[in-house]
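These come from TrEMBL:
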type	residues	note
DOMAIN	26-323	domain 'Protein kinase'
BINDING	K55	ATP binding site
TRANSMEM	322-343	transmembrane segment
REGION	351-370	region 'Disordered'
COMPBIAS	358-370	compositional bias 'Polar residues'
COMPBIAS	553-563	compositional bias 'Polar residues'
REGION	553-573	region 'Disordered'
Amino acid sequence: MELKAHDMTTTCKTTLKIGEVLNNKWVILGFIGKGGMGEVYRAHQSNLNRDVAIKVVSREWLESIDEGDEEAETLVQRFRREVQAMAQIRHPNILQVFDHDAITVKKCDQDASIEYIAMEYIPGGSLRDSMSEEGFYPEEDLFIAWVKRYFLPVLTGVMALHENGVVHRDLKPENVLMDQDTPKIADFGLARSSRLKPVTQSMDVKGSPHYMSPEHFFDFKRADQRADVYSLGKILFEAVDGKIKSGTPFKSAKLAKTESPFFKELDRIIQMATAESRDERTESVRDMLGQLERVIHGLVSDKADAKSPRQRSASLFTKPRWIWTGIIVAVLSVMSMAVWHFIGEPGLGPPKGGISTAPGQHQTQTGPENETTARLANVEKDSFASEHLGKQHLIQGGPFSIPAVLDGSSDQSIRIEPFYMDEFFVTNQQFVDFLNHNLSQISIESGVVKGSGANWFLLGEVRAGYEPIVYRNNEFHVSDPAYASSPALRVTGYGASAFANYFGRRLPTEMEMLFTMVKGADSSEVNAEPSAEVNTQPMGGMMRMMGDWQGETENWSSASHEPNPSAKDKAEPKSSEFLLSAASFSPNLLGIKGLNHEIGEWVYIEQQGQPSTDASKTNRYAVIGGVEGAPKDKNSLPAVVERFPWEGFEEIGFRTVKNAAVDNSAE
């Protein structure tokens, strides 16, 4: 991408440059902004293939806003305290810290000393976005739903801080980030730990006045965990009464209206939590949590007991509270499924097929079994897999129409069974880790990496000057940290299958891949031009991406019967995407990145009917897309071309899938 003069100026004003690799770990993807203590960047952790937020404090920036080295040193100490405080704790409602270091970088061609902290990247909004500007009053049910969904988890997070001797001292809605529906406490710039040495300073006010307790304002060092109770009480007050107006800092909060018993009791909780004297204030967050749970559960019980059985049954469909309860249950179910698919299905065995025929044909087509080349020795893979595999998304499956040209018969509809698919390609770093974990199985002959005697990978340049994976000192390495999170290329079909099977996964079938492309269409991708007008023919969603399905599948069908079709007259792909990480792509509607782009992918061919006696037709491997299968235009599907599994290609990568558990007991 060409940088304009303005871009260069902006880059020079920031400490880190886009594309810079910080400390051989973090690829800087973008500048987010300047926070209360410094600059914040979005970055990508190459070796684990995840996005992170990098918070930076530089000496130059400190000295530009403070008078003298003493105050600069105070801010440095506070920054280090933030890191130490956050790193002490592991909790689902607290932002996680991954790394911290003090290093020297080049800024405007000069050395600059910086300290950075790498933490979870949360692209969503904050707790503020979940709160009504006017407050929830008088809607008891809406308020209770909000408390259960968002506020109680925040309280448990603050309790975890306090149990570890850490006081946040700057709690406010903007400092609680939302990871989808999960609140995460962030911005520990004012945190104080009882385990750390105190820091004396002369700076006047630190914190947000509307949520700041009186003792915090008048004597910063005296603020203990009751200061956090005060802040939480103010947040609770805002949720009921609406956003706090100016001119009310350091005061006890009181609800303007308390017409119902529920809000009267809630007002008592708020006043106790925000008492100006900390000696009269609610003693702990745990006490506050208990008070809230009692009033919420008491209200629910009272309402339930006041109804006859017939009234209770009817109210399931007439009362807003039950509607909201249903919504909460549904959201919890979705979150549980999300957690399940991030963690993985316990005890998942080697996957079998993912496609069954349409109604009237109940035969289930089995997918590929483990290859003999991938029968590696059992090792302790669980922790290794959790660190070295990318995120997967659940693809719900469903009916999928195949025109006659695909199989030479009449039109038919198949059913794709649910499965999980990698969000992005397997990366250079992930494949290198896999190779190094199986060195005892590997030999190298004339630049060909062989595992258990089968070709797994072709060493050498992918493009002139680009050789991301090298072998030296008896180990495989990513040649440059900037290449770590780019797609692994020149991997053979056997190598891709070995990687997948090693982790209890498999390669996708061609139908699963086409299904994911079609069902995930209509989402913007990296550097994509505005999409053409959506085709509204009866096939609906299937027609959104495929354009001229008849012409495309004719090309697909003729090419798929040639094991080694000529690449003559095929345009070479650009090399731009070969170096890109997952963060450079926007996901499609199913959350999958990089589909139907310059890089093709290994897939399995679904076995239909009896195996062919023709050796050239027994090959179960194919590539979809790439040079030979490139789509005619961005609204067309790529061709699927059958290839030999010992081949590797400069423009072909791969990703893995695993089956989702399906309950067929009702059938």
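Cβ atoms here come from the backbone N, Cα and C positions, even for glycine.
Across the domain 'Protein kinase' (26-323), mean pLDDT in this model comes to 77. The residue listed as 'ATP binding site' falls within a strand when secondary structure is assigned with DSSP. Other C-beta atoms found within 10 angstroms of the C-beta of K55 (ATP binding site) number 24, with every protein chain shown included.
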